[in-house]
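Asks: I have a structure here, written as structure tokens, and I will follow up with some questions on it.
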Amino acid sequence: MSPARLGVDFGTSNTVGVLRRGDASPAPLLFDATPLLASGTFAAPGPDLLTGADAVRAAAGHPEGYEPHPKRHIDEATIWLGEQEIPMVDLVAAVLGRVDAEARRVAGHPVAAVTLTHPAAWGAVRMGVLGEAARRVGWPTVSFVSEPVAAAAYFAEVLNREIRPGWSLVVYDLGAGTFDVSVVRRAAGGLEVAAADGLADVGGLDLDCAVIDHVRSMTANATDAWGRLDWPQTPADVRARLELWEDARACKEQLSRHASTTLHVPLVDVDRILTRDELEKLARPLLERTLQLTLSTMRRARVSREATAGVFLVGGASRIPLAATLLHRSLGIVPTVIDQPELVVAEGSLCVQPRPVPPSPAMAAGPPTAPAPVPPTAPMPAPAAPAADPWPSAPLGSLVPPPPAPDGATVAPRPAAEPPPGRAGRGGPPAKRPHRRRWLVPVLAGLALIPLLIAIPAAIAIFRPDAGGINAVAFGPDGTTLAAGGEDGTVQLWDVDSLRGADGGEAGESMTGHTEAVMGVAFRPDGKILASAGADGTVRLWNVPDKKQIGEALTGHRGAVTSVAFDPDGRFLASAGADQTVRLWNVTTQEQVGKPMTGHRGAVNSVAFAPEGGYMASAGADHTVRLWDMVNGRQVGEAMTGHSDAVESVAYRADGAVLASASADHTVRLWDVAGQRAIGEPITGHTDAVKGVAFRPDGRTLASASDDHTVRLWDTTDGRQVGESLTGTKPIVTVAFSKDGNTLASGGGDNEVRLWDTTGGS
């Protein structure tokens, strides 16, 4: 009986298993007649977990029981599917168990050894989850190889391409949900990852989304049908949605081989011809981002073109010809592309001397912990002990999970969010997600020790909009457009660059329509539309280029609208009101989506979307912060309590892991979003109600605005105030950072908008 070795690539959307029996050539395992096993799992009533196509089919009828991307939740102890709370390791074990069953069937006996691949920056804790899942499957010997090293081994051993000592291979991995790029170097000890980086919001799903949005624009008169596809109300609608997303994925892949194809849009019941030129036009902005990250990663690794053995395209979405074209033009190196790039990592893992990591139940069950640095070589020694638990009972500084590292640090890219309504995974995600799903909390080892890189701000402009008091300010995504909502019912816009050095400048360009004070303003992520919340009970949308109102006012709130926020895709708008509700609006149709979200026992003062989309946070006069699932409109978990007075404002950190709240109890609090619990003690220093709060984009600094006439900056790693307070002459109620974090805007009762240079310049 020949010994068999199994290589497994547990992916975000798909899992691949490659089996080598004795000296025979490796061969991929087949699941439902395809080498790609959908990584999604479905919790049926009872103890069984369905995987692959079985899970996708079951999700059509009961989407709340389906998780399409378990790998995104690798740091979570449990996950909710339907009404069941399931250990995360069980979901992984279900997928690996399906691979094991097929390997046993093909080999005719249990496999002798298994190699599992993992992202370059995963450390012992995350690999411990894989190891524990493998132990539950019954695999006696498990070893680990990083994904880029496995890809480089495939390049060298299977394709027989030389990587000379000191030379490097660029691994360009465009998968379904994320993009990862690594520079793998041949060193004396073997292959090593010299540099790695990634984009959490670029992948095959984003290309599918672009295709569907393009087809949507071609069928603009089918509003009702698209509404059912975006928000399925019946099992038939769910199946139509799944069919649409599966067909979009298939069309994208077909266009890598043919000049045109046809996409059928169910419910709309039309066929639309798509061409490769159209796809490449849609894909170019995304692919250019991957190109720029590839170039910067190569620069960081200090690899020259002359010492580059090649550029290897892996991951299913890398098939699109434009990816290879852009890389070739920029690098002058013809990329290596194969027919089935999804199989590269699993098969390559069998070509590497792996490193063992003994599974540890303690590691697998623990809370989120820091990923280790990029593994230095392959083969590699066993990893160090797991990183310390970041959630012990300790002062604030040791409790706050640090934000992502600055440019130049090599970290694991944050897993992308599940596509919100209108975006989907392989086969399309369910229209509903588990109403108690938890979030990933990325924690980067040692980052809290990095000094805070922000100087004491210097005022660079003071201007008076003549609005009778400023209630809200917001920067556009370009970082130069500033909007302010005033007591006089107007929204005003300025070009910030033209205001630098101004003192008492003139009012900006006004947009009128509200009959009472404007309480909140927010830019759509593309900067083309601005939303405003009015004390007159309306929400209004404005076309930023021509400063004109779009359509009619959005009505439904019974009382003042206090806050507005766009979802990351810009397709939906959330509003908070004094009527104790949060409401969701379709920006295109300007219609309310679903029923109002209720739960607060008092006015809702603020609403914010999670950066990953799909979820919202709200601040209430009932002293609570609440989280909401935008898909089903339900509250997620219990209300977060701790403030002793009204919560006035909430803001997410850029990675979505931490939430800040400002309260009339004179404090600011930080919250662990995953655990829905306060982090450490309240941040104190203000002497009156705190009305506004905003994170600097780097996540290390928090700004707060207060009725005590000050704006204060806080170091989020230890809760201490940074520098002196920034003072005004009357209560300050709103703050906002520019996109680059270099400018802070504040506004309040003194009818002044102040700009502060947070780099220390003037």
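Yeah, the Cβs are placed from backbone N, Cα and C, and that goes for glycine too.
Sharing the record's features from TrEMBL:
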REGION    360-434  region 'Disordered'
COMPBIAS  368-384  compositional bias 'Pro residues'
COMPBIAS  385-399  compositional bias 'Low complexity'
TRANSMEM  439-463  transmembrane segment
REPEAT    463-498  repeat 'WD'
REPEAT    511-552  repeat 'WD'
REPEAT    554-595  repeat 'WD'
REPEAT    597-638  repeat 'WD'
REPEAT    640-681  repeat 'WD'
REPEAT    683-724  repeat 'WD'
REPEAT    732-762  repeat 'WD'
Asks: Answer yes if the repeat 'WD' (463-498) and the repeat 'WD' (597-638) have at least three CB pairs under 8 Å among residue pairs 6 or more apart in sequence, and no otherwise.
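Replies: Per Cβ check, the repeat 'WD' (463-498) does not touch the repeat 'WD' (597-638).
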Asks: Quick check on the repeat 'WD' (640-681): DSSP residue counts for helix, strand, coil, in that order please.
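Replies: So the counts come to 0 helix, 20 strand, 22 coil.
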Asks: So what pLDDT does the repeat 'WD' (683-724) average out to?
Replies: 94
Asks: I need to check the long-range neighbours of the repeat 'WD' (511-552): which residues 6 or more away from its ends have a CB within less than 8 Å of a CB in the stretch?
Replies: 469, 471-478, 481, 483-493, 558-566, 568-570, 573, 575-577, 585, 587, 590, 606
Asks: What does DSSP give as the helix, strand and coil breakdown of the repeat 'WD' (554-595)?
Replies: 0 helix, 22 strand, 20 coil
